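The active site, proton donor annotation in TrEMBL covers LYS134. The substrate binding site feature in TrEMBL is assigned to LYS98, LYS122, SER376. Per TrEMBL, NAD(+) binding site is recorded for THR217, ASN248. The feature site 'Important for catalysis' is assigned by TrEMBL to ASP174.
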Amino acid sequence: MDDSQADAFHHVVFKRRDLISLFRLLRYTQAVMNALAATNRNFKLASRLLGLDSKLEKSLLIPFREIKVECTIPKDDGTLASFVGFRVQHDNARGPMKGGIRYHPEVDPDEVNALAQLMTWKTAVANIPYGGAKGGIGCDPGDLSISELERLTRVFTQKIHDLIGVHTDVPAPDMGTNPQTMAWILDEYSKFHGYSPAVVTGKPIDLGGSLGRDAATGRGVLFATEALLNEHGKTIAGQRFVVQGFGNVGSWAAQLISENGGKIVAASDITGAVKNSKGLDIPSLLKHVKENRGVKGFSGGDKIDPNTILVEDCDILIPAALGGVINRENANDIKAKFIIEAANHPTDPEADEILAKKGVVILPDIYANSGGVTVSYFEWVQNIQGFLWDEEKVNNELKTYMTNGFKGVKEMCKTHNCDLRMGAFTLGVNRVARATVLRGWEA
């Protein structure tokens, strides 16, 4: 290959890489805008049902504080790199603000705003004493070494340490961050304020993390599903489930549902999808996924197109991956009678309407996937008490919160004659509005 051929080859390769990156960015941006539009739409519908004063409605939408900071770090090669960090603190009427920190190339202020607002309603639905927040740094964690990520996390913490705190704003892991990131934040924050394990949740167990936190969102999905089926005179045993997304949440939900007698007939992740009408052997599938980093190639079922998994024949569909996967293109073909939203915003508003006409019952994300933030609350409580709970207590308390949460949503459905999504939103918005008024918002 001569120089001109090599140049042409590299040009094609980079062009293809650029197109793939652009396509991913467009999909991500579309999902963000859909989530933002849907959150605002659901809030406005809920405030109308509740008959909120227009000034109060506007006050509830505007974030309490938006923070934007520059984070410059020396890279391993000696050069300097600058990144932009965000933290949106949406509402603190019911308690300290709570929400994840994500490291992603396209961390966008509008997206962070929508997610912070959603956390306000989610913590209120779960009835835990928090408001909503969200943050992030515009970076690709895959392009940074461990030491560069540590330096970036510490600089970000230095810039916001006086605006977060045990009783102010409590961050947690999100996309592109993990317990190690939280450990760095805890250490850096503690240099300024003394040892403060409750300043972040989702920490390693050795630094005050909670037992049961890893399985919490998936276990919450199990308890939410049990509560919904109980309402319809059914149990998990014997029901056929499809799990779309076999990451942390999907795999834990599948394992726990299987242990309770449910039959997982299909599962998928980014590598592929597999189906077995008699039920997949979940322990074997989990072992395969751990060894092969995905469900692709699993011998205990038939390979299927991952794009068709949502329309597979089943009783209960659990989308546990990306947002916007259930839309007007596939909603008519969905065969499930129940949809449990383990992912954030998996169902578009247009699909919501189509599925409602078909009589499909949707358990909304704002309630169904709140197990994670609920156990984060338990971690915070344990840190403040300086007293570690055993895993059985964590799981029992989570079941109580998820069961009570469902009862609260159903009561709002009866009061306002609405579906479960609006029941959850009216419950959350009403709790925040009442706390705001009681504290004297017009003073």
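Including glycine, each Cβ sits where the backbone N, Cα and C put it.
All TrEMBL annotations are machine predictions without curation.
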Across the listed substrate-binding residues, LYS98, LYS122, SER376, what is the farthest Cα to Cα distance, given in whole Å?
-> 13
In sequence order, what residues of the same chain, 6+ apart, have a Cβ less than 8 Å from the Cβ of THR217 (NAD(+) binding site)?
-> ASN248, VAL249, TRP252, ALA342, ASN369, GLY371, GLY372
How many Å lie between the Cα of LYS98 (substrate binding site) and the Cα of ASP174 (site 'Important for catalysis')?
-> 12
Spatial neighbours of LYS134 (active site, proton donor) among the recorded positions LYS122, ASP174, SER376 [C-alpha, 10 Å] = ASP174
Give the distance between the Cα atoms of LYS122 (substrate binding site) and ASP174 (site 'Important for catalysis'), rounded to the nearest whole Å.
-> 16
In chain order, residues whose C-beta lies under 8 angstroms from the C-beta of SER376 (substrate binding site), counting only those at least six residues away in the same chain, are LYS98, VAL170, ALA172, THR201, GLY202, SER210, ARG213, ALA216
Name the residues of the same chain, 6+ apart in sequence, whose Cβ is under 8 Å from the Cβ of ASP174 (site 'Important for catalysis')?
-> GLY99, GLY100, ILE101, ARG102, LYS134, GLY136
Cβ neighbour count (10 Å, all chains) around LYS122 (substrate binding site) is 27
